[in-house]
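In Swiss-Prot this protein carries:
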type: DOMAIN; residues: 19-186; note: domain 'FAD-binding PCMH-type'
type: ACT_SITE; residues: Arg165; note: active site
type: ACT_SITE; residues: Ser215; note: active site, proton donor
type: ACT_SITE; residues: Glu285; note: active site
Amino acid sequence: MNSIKLEKNISLSNFTTWGIGGPAEWIAQPKNIEELKYVINWTNKKKIPCSVIGAGSNLLINDKGIKGLSLCMRNFKGIEIDKNNGIIEVLSGEMLPTLARKAAASGLHGFEWAVGIPGTIGGAVVMNAGAQEHCISSYLESITTLSLTGEYQRIKGKDLNFGYRQSLLQNEKLIVVSARLKLASGHAKEIRQVTNENLNHRLKTQPYQAQTCGSVFRNPEPLKAAKLIEELGLKGFRFGGAEISKIHSNFIINANQASSNDVRELIKYVKKRVFDSYGILLETEVKQCGF
């Protein structure tokens, strides 16, 4: 008998890094593939929708909540590292910083940039997450997905149509189950040092301890969204309980019990100011659920 709990009417504010979100009609937190498959079969039998919320970063959930089942993947963890071949097999709920540190400890080079990104492997693949001119697609060999009808599929990285913060998965109803990465061998001590330097830099330049979703806006390459926002004097600007970070202007923090509407209105205001001043229409990285 499967031991996974399916809980009802649970506040999603406790499941997002923004600390924002209304109740989930149902929520499940699978720990392994068997539990994940059980949950998907359950949604099919009940004929209710399924929304993947990962570990809750890069996500804005409506204060009214989400209908159907919310699939939280933060307990869906596991990493296997083959040091000799530089191959890493990782379940999609594993956090990027954890993987970055374990890769460094194993003497594998290429993932140092990911140490301060508060997201899961699954979310990183879907969004093609990156930093410091790196992105996960450069190291991704393949993924395993599960459809909402319960079918598994192995997809090569080159077939995912990656672009800047984009992938084929954003338009497909597929759950990322696991990823296979290929990294290069290096000296563990040096890789750990670079990894720690990257983390320290993030701690100094980003509101790491505040409630945020991560970066809000995509960079309108070659420009930086944060620079455009900062030049308009918007650091510290607030709408309700939502505030543009005084540390890094591409972060919106939950400064005082912000509502989902506070965040949406602040995003709308920033986009208007940037467009009026520069003629540039900023796009958001944030996934919105329940609106």
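Residue numbering: from 1, along the chain as shown.
Note that Cβ sites are derived from N, Cα and C of the backbone, with glycine treated the same way.
Annotated features taken from Swiss-Prot, shown on the structure.
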{"residue": "Arg165", "record": "active site", "Cβ neighbours (10 Å)": "19"}
{"residue": "Ser215", "record": "active site, proton donor", "Cβ neighbours (10 Å)": "22"}
{"residue": "Glu285", "record": "active site", "Cβ neighbours (10 Å)": "17"}
Cα separation, Glu285 (active site) to the residue listed as 'active site, proton donor' (Å, whole number): 7
Inter-residue Cα distance where the pair is Glu285 (active site) and Arg165 (active site), in Å: 7
Secondary structure of Ser215 (active site, proton donor) (DSSP, helix/strand/coil): coil
